[in-house]
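Enquirer: For 41-287, the entry in TrEMBL reads domain 'G-protein coupled receptors family 1 profile'. Residues or ranges marked as transmembrane segment in TrEMBL: 23-47, 59-78, 98-120, 141-164, 205-225, 237-258, 270-289.
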Amino acid sequence: MESQNSSVVTEFILLGLTQSQEIQLLVFVLISAFYLIILPGNFFIILTIRSDPGLTAPLYFFLGNLAFLDASYSFIVAPRMLVDFLSQKKVISYRGCITQLFFLHFLGGGEGLLLVVMAFDRYIAICRPLHYSTVMSPKTCYVMVLALWLGGFVHSIIQVALILRLPFCGPNQLDNFFCDVPQVIKLACTDTFVVELLMVFNSGLMTLLCFLGLLASYAVILCRIRGSSSEGKNKAMSTCTTHIIVIFLMFGPGIFIYTRPFRAFPADKVVSLFHTVIFPLLNPVIYTLRNQEVKASMKKLFSQHPG
C-alpha cells in the first residue's frame, strides 16, 4: 500500500498517550487487567449465543455480531499500545499505519451500522409485533449483517484512498498512540483543507446523522412502550435503555473526534483511549448484564464446563 506520489516518509513515530513514565505504567497495568478480564468475556458471550438453541432470536444474533466486532476492534489498537508502553521508541511503518487506519474505520463503521440494524429490530419487535417474524427472517438478518460489513468497508476504503493520495515528506511524528485520520492528515506536505472537509463529511457527518437518527427512533419506541400495557413492557424498556447507553458510548467520542475541523484538543487522547480500547470491550458486557436470558444461558454453560 506504499504511495508512489512523492511520499518519502516510510514510518511514523508515535508520541504516545503521555510522556509521564508513572502514568504510562499505571495505564499499562489497568488496560492489561481490563483487557485480560473483559476480552475472554466477549468470546464467552459469542460461545453462549452460538451454543444455546434458545437464543436464536435476531436480537441475540446481532448481539453475537456486536461482541465479535468489538473484540476484533479491540485488537487493532490495544495490543500495540501495550507493547509501545514498554518501548523506548514507538515506531509504526507507513504501510502499518494505513492498515491500522483501514481496520479501525472498517470495523468502527460496521459497528455503527450494526447499532442502526439493532434499532430497526427493536422498532419492528415493539411497534410492529405481528409482522416481526416475517420482516426479521433469518435471511433478512444475514443480508443486513452482510450490508453492514459492506458499508463499513466502503466507509473505510474512502478514508484510505484519500490519504494514499497525499504526499508525506516529513515531519513524521504522530501526536497519538495509534494512527487515525486527524493526526495523519496534518503531516501531509500539501494543503489538506479539501481532504479534511471530505473526511469530516465521510466520518463526522455519518456519525452524527446515525446518532441523531438512532435517538429519534428510540424516542418513538420508548413512547410506544410507555403507552402499552403488555406484560413485556419492563423487559422492552430495559432492552431499549441498554441500546441507548451503548449508542452514547459508541457515538459520543466519535462525534467529538470527527465532526470538527482536525485541530488538537487536550482531551483528544483520553477520548480516543475510551473510544478505541475501553468502550468496545464494554459494549457487549453492558448488553449481557441487562439481559436475563443471556445471563441465565451463560450460567448454565459455565456450570456444564466448570473446569
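Cβ from N, Cα, C; glycine included.
Automated prediction, rather than curation, is the source of TrEMBL annotations.
Relative to the rest of the structure, where do these features sit?
Expert: Residues 16-17, 63-64, 67-68, 70-71, 74, 78, 81-82, 85-86, 273, 277-278, 281-282, 284-285, 288, 294, 298, 301 of the same chain lie 6+ residues outside the transmembrane segment (23-47) yet bring a C-beta within less than 8 angstroms of a C-beta in it.
Residues of the same chain lying 6 or more positions beyond the ends of the transmembrane segment (98-120) and with a Cβ under 8 Å from any Cβ of it are 1, 59, 62, 65-66, 69-70, 72-73, 76-77, 80, 92, 144-145, 147-149, 151-153, 155-157, 159-160, 163-164, 178-181, 184, 203, 206-207, 210, 213-214, 217-218, 221, 243, 246-247, 250-251, 254, 276, 280.
Within its own chain, the transmembrane segment (237-258) has Cβ neighbours under 8 Å at 59, 108, 111-112, 115, 118-119, 122, 126, 180-182, 199-200, 203-204, 207-208, 210-211, 214-215, 218, 221-222, 225, 267-268, 271-272, 274-275, 279, 282-283, 286-287, 290-291, counting only residues six or more beyond its boundaries.
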